[in-house]
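Beneath this line is the structure, given in structure tokens, with notes to follow.
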Amino acid sequence: MTGKRFWSWLAVAFGGLYFLLPLVGMFDFSMRMQRGAYSFEAYRVVLADPQFQQTFGYSVVLALLTIVLGILIVVPTAYFVRLRFPGLRPVIEFITLLPLVIPPIVIVFGYIRIYNTSSILPLTGSWWGTNILLLFGYVMLSLPYMYRSVDTGLRTIDIASLTEAAQSLGAGWARILTVVILPNVFVSVLSGAFLTFAIVIGEYVFAALLNVDSFGPYMVWMGGNRAYEPSALAVIAFAITWACMGLIQLFTSFSKFSTVRR
Amino acid sequence: MAFLDIQHLEKSFGAMHVVKDFNLGVEKGEFVSFLGPSGCGKTTVLRMVAGFETPTSGAIRIDGQDMTCLPANRRNIGMVFQAYALFPNLTVEENIGFGLKVAGEGKVAIRSRVGEMLELIGLRQLGSRYPFQLSGGQQQRVALARALAPRPQVLLLDEPLSALDAKIRISLREEIRRIQRDLGITTIFVTHDQEEALSMSDRVVVMHQGIADQVATPFEIYNRPTTRFVAQFVGTLNLLEANVVDAAAGKVLLGEVPVSLNRPLPGRTGERISLAARPEIVTLGRSDGDHVVLAGRIADVHFLGSVIRIRVAVEGGHLSLDTFNQPDRPPPSLGTPVEVSVSHRDLLVLAA
Ligand SMILES: Nc1ncnc2c1ncn2[C@@H]1O[C@H](COP(=O)(O)OP(=O)(O)OP(=O)(O)O)[C@@H](O)[C@H]1O
Ligand SMILES: [Mg+2]
């Protein structure tokens, strides 16, 4: 083995340890709820907790709604920007990146100020209003991931020709978007969707400040009040995120048709 | 009024005037080609007919109906693109059936029409494949079937063969023409390949800088070009500069050789004009009668198979001429002194 190779291996090993050790430690700790024996007791307790079921279910529904709304907003926008206003692309891209630059706490304070009970649009005053506000907030948080992946997907197909071909065959905008464009960027949309799912499931700041009982605040509350269960929860959360990543890979490699022309 | 009627069509992109006073009438069932160099506006005219661009002014009518402001998806025009533009997520059958589905036809009707179209393009067995599983030639045939399936009034093809290799290009162009004849569909075919345009079309529109220079049959375009551009763009041309001696009587001076063309000339006495001759009307050796005879030397010999193209250096330039290959007569060697003859009647006269 040459010296160069040795050093690269060392770097990789160091990086691996840096990521893996805490995970292994956490997993190990989560298995020690019963004294003197390895067991999944902490997981059983967590999964059986009605509050877990309720907050987790709520977050899953919210994540799915976020994804649907995100697709409805992002796909047509990215499509028309590419097709009709290519000059606007840098502007739109910049706008979609803002949620990564502005801290969530700032955004949510802005929301609370604008939509509080004494404003013109008192969304925070009702259960429905708060949920809608949270949903819109999450759609915005997911924009950087959603827009980028959809835009990348659109780049791999010749949308101008496909659009014109569909138009000459009589199709209108709704059909072009749903039958021609969306299926061809479906894999990209999915990868954006899984990222969105992972983000929404664990989001804390928005939920806590809007006083919504979702999975994020539940995890934090657990962390403050229990010993072994938080580790189990963290492992579960990691597993969900990884499952999402894995699904992205799966869909990418097993899509039925390839958009890559030979 | 013609079936497809284009009148005074103009198009500007900003300050760039791309199409200028374009007029054309295409009869029902006719096959018309747009031929011209890159950037002359062929695609732009086609896209205005299809409805993808709005004309700056002018009118487009199909079967008497004004189409100028109708959106593309309500024109009932079939379009075939250079890059095929098949829907990658749909099978061949679904691609072909797309327009029928949009038109709201029933499942049974769609299936039978798709089968008919697959038969027409000879791809019966490939109906369930995806576009990426087909060769370029097969993809373009599917694109043609997809455009034809909803029975469009007019078929537009924008350089449909340019992405294919030479062999397939020729077989596919014959197939396109056969299908077009069978269906009797009014067709506009855009190309910058003159062989394609001349061999396929009922009429050819030669375009130059946004203007339709000449609209005529391939025979007319080739043998009686009306502008210098058409003469030079289509086919190979020998140009000889001449001085007009007597315009009314058709007498000119070609170098030192006096030539009588026996017809009135456009230029005035003393002006320079160009005499043009296709390679195939120039013959080796001295011909009697109405011929111009020039002396020269063999400068180059290209053996092309059935045809031999010979370049002869004459006074004031070169002349290319074509002779047929004859097994018992090898081509002359370089430098041999020869005489070449051109019939007066076949010499084209172009304003200098
Ligand atoms: N959308 C557009 N905006 C600005 N200019 C354009 C646009 N479309 C075409 N042009 C210009 O119009 C002119 C004619 O273009 P067009 O595509 O019609 O040429 P063409 O004859 O089809 O050429 P080619 O053989 O290369 O396809 C070109 O100079 C081109 O740059
Ligand atoms: Mg073109």
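The backbone N, Cα and C atoms fix where each Cβ goes, and this holds for glycine too.
Per TrEMBL, domain 'ABC transmembrane type-1' is recorded for A:56-251.
The transmembrane segment annotation in TrEMBL covers A:55-79 (among others).
Annotation source TrEMBL lists transmembrane segment at A:91-114 (among others).
Feature annotation from TrEMBL assigns transmembrane segment to A:126-147 (among others). Below 8 angstroms of C-beta separation, residues 62-63, 65-67, 69-71, 73-74, 77-78, 92-93, 95-97, 99-100, 104, 107-108, 111, 115, 189, 192-193, 195-196, 199-200, 203, 206-207, 210-212, 214 of the same chain, each at least six residues beyond the ends of the transmembrane segment (A:126-147), sit close to that stretch.
Sequence annotations record features per position, and here TrEMBL assigns transmembrane segment to A:185-212 (among others). Within the chain, the transmembrane segment (A:185-212) has long-range Cβ neighbours (under 8 A, six or more residues past its boundaries) at 58-60, 62-64, 66-67, 70-71, 74-75, 104-105, 107-109, 111-112, 124, 130-131, 133-134, 137-138, 141-142, 145-150, 152-154, 157, 219-220, 237, 240-241, 244-245, 247-248, 251-252, 255.
Annotation comment: TrEMBL describes A:232-252 (among others) as transmembrane segment.
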**Item:** Long-range Cβ neighbours of the transmembrane segment (A:55-79) (under 8 Å; 6 or more residues past either end)
**Value:** 92, 131, 134-136, 138-139, 142-143, 146-147, 150-151, 154, 159, 177, 181-182, 185, 189, 192-193, 196-197, 200-201, 212-218
